[in-house]
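Down below is the structure, laid out as structure tokens.
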Amino acid sequence: MADAQYILPNDIGVFSLDCREAFRLLSPTERLYAHHLSRAAWYGGLAVLLQTSPEAPYIYALLSRLFRAQDPDQLHQHALAEGLTEEEYQAFLVYAAGIYSNMGNYKSFGDTKFVPNLPKEKLERVILGSKAAQQHPEGIRSLWQTCRELMFSLEPRLRHLGLGKENLSAYNTRLFKGVSLDGKPCYEVRLASVLGMEPTLHSEMTSKLKSYEFRGCHFQVTRGDYAPILQKVVEHLEKAKAYAANSLQEQMLAQYIESFTQGSIEAHKRGSRFWIQDKGPIVESYIGFIESYRDPFGSRGEFEGFVAMVNKAMSAKFECLVASAEQLLKELPWPPAFEKDKFLTPDFTSLDVLTFSGSGIPAGINIPNYDDLRQTDGFKNVSLGNVLAVAYATQREKLTFLEEDDKDLYIRWKGPSFDVQVGLHELLGHGSGKLFVQDEKGALNFDQETVINPETGEQIQSWYRSGETWDSKFSTIASSYEECRAESVGLYLCLNPQVLEIFGFEGADAEDVIYVNWLNMVRAGLLALEFYTPEASSWRQAHMQARFVILRVLLEAGEGLVTVTPTTGADGRPDARVRLDRNKIRPVGKPALERFLRKLQVLKSTGDVARGRALYEGYAAVTDASPECFLTLRDTVLLRKESRKLIVQPNTRLEDSEVQLLEYEASAAGLIRSFSERFPEDGPELEEVLTQLATADARFWKCPNEASSDQA
């Protein structure tokens, strides 16, 4: 059997996403709008399979055909007849649910591969003896033969996603390397779009779809990546336009359609501008190649799409936070010149998610991620209330690395403190800070004569040149660095009584919220060690790296503010305890965090990559140096880790011009059923499309049985 870190346990937490009440309150037109946006999101989410690993599309197609022919209960009897135990069949269900939940065979948070927790030979008997195999013997056998080795393989280079030892956005691209006839490297930069090269090109795209020579290599920019999938996305975005609530939504969708059709990121930016202007919609959504967390270079966006409905009670608190934002920004520990010239008041709502396609569901979002739009047009903050409710669900017996006398307090206040942290993180963390930029005409957006670097006492020496962005300059550390800055802002500002009053906390309750918020971050920093790979000395998840960095900063503050103590558990195995001295949060923790935050912002504002990397990578280094001995603690974290919860999402179904909400039980079988019913009209067609696209790209892998998971 595989190492525990590469399997999903049979008792993994599975929760249903509850949006029934929010959906009930929608009007018939709003439901139709939400339905078609959801369909677009689910179709687009299939692209993530192709973005994840070469075998993921085949595994998805195999599982989908298996469960379409026999639902989990029917397949259960067949599996037992083939010699599987109850535990082995449950392991298979959990594996299948994990594939659907993560849109591939790598965990969305941590990018660690997971494999079936049962013998390959037994799984083969189930698959080849199934009803699906009886109906389509050649097709099922071909899929199984294509993916079976990689499905179970845990070769070192396949255990984690990552890389081995002009004016073009990387968000909607994939990069493929080949060899030309003369033996020189040649690269294809492929844009995601419905259209390929043959139709008349939009003028914007004509300038991009060209060949280039650079340092002895040939580069060809093409388009048409994921074309059949994006065609489905576009069809439903067109249908959604008919039910839009206003012209801003219509124009937004028109630009998204152009983006996905032409392969234009500029069109997606234009759509995002309309989206930013659409304040307080009842049905909120965003879709596209959005987050770059899983890309080793922090550039390529993974497809995601969400559709959600407003939660009015929590949104009212966030509106109060927005109203106080300009005053709270003054509390942040950097000079006014390092803050945006004008705070662009954003939309900040709490939403109940109806649909979230992609590899995983976050608790909150601050988008768009385009830095130029964030600086000039603004952004939106979204807190996903029903996702947070799942995150709050904590069983005392599974609560690790805390002192016994902290556990009850932690369980009571984790949810409320997380509401505060998410609000501050998204609005004032991601929403704060200015980038010093020089435009194409040479003009600076700051006064070089008067602005002083508070870290050096000198004039500003570096900034972003025309064409440079935060992501392009800070590349591999950009996402984690920014998450760390936002998390630090949340911890820093939660000490402000005004913030706590907005969320309804005063006196002793407010102090408990602060304590649990800081304690949760310290514990999260220890748990983050699961996502560090010692062999490559690298981190696999931006958020987790960010939390570990904060733990290091608070440990460095000294004076007993934070301690991490190895110990032995009741079962005789290694354990550890985290302790935070609540009396030292303000006198010791606050100034330490203040100094760190100032450095983070100054280095970001000035684009000082060299010093920024030195600072951040220094704190992110994981060694076995005493007193913490983090590499040893990592073994303890892996021994005690709890797998991330799986979330079952509903479907919407159009019946006689009315939209119905279809809900499923909170179990691995329920999650599988939700996907089995997700594409009722064209499931087999989609599976064929996915396998054809994967097969067309197979030549880019070293050989069929040695496919690397290092997809660019």
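Just so it is clear, glycine is given a Cβ too, placed from its N, Cα and C backbone atoms.
TrEMBL has this to say about the protein:
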- H425, H430, E483: Zn(2+) binding site (BINDING)
- E426: active site (ACT_SITE)
Point to revise | binding-site residues: H425, H430 - member with fewest neighbouring CB atoms within 10 Å | key: H430
Revision key, fill the gap. Fewest neighbouring Cβ atoms within 10 Å among the recorded positions E426, E483 goes to E483
Study note, to complete from the structure: Those same-chain residues, other than H425, H430, E483, found with Cβ within 8 Å of the centroid of the Zn(2+)-site Cβ atoms are N366, E426, G429, E482, R485, A486, E487, V489, G490
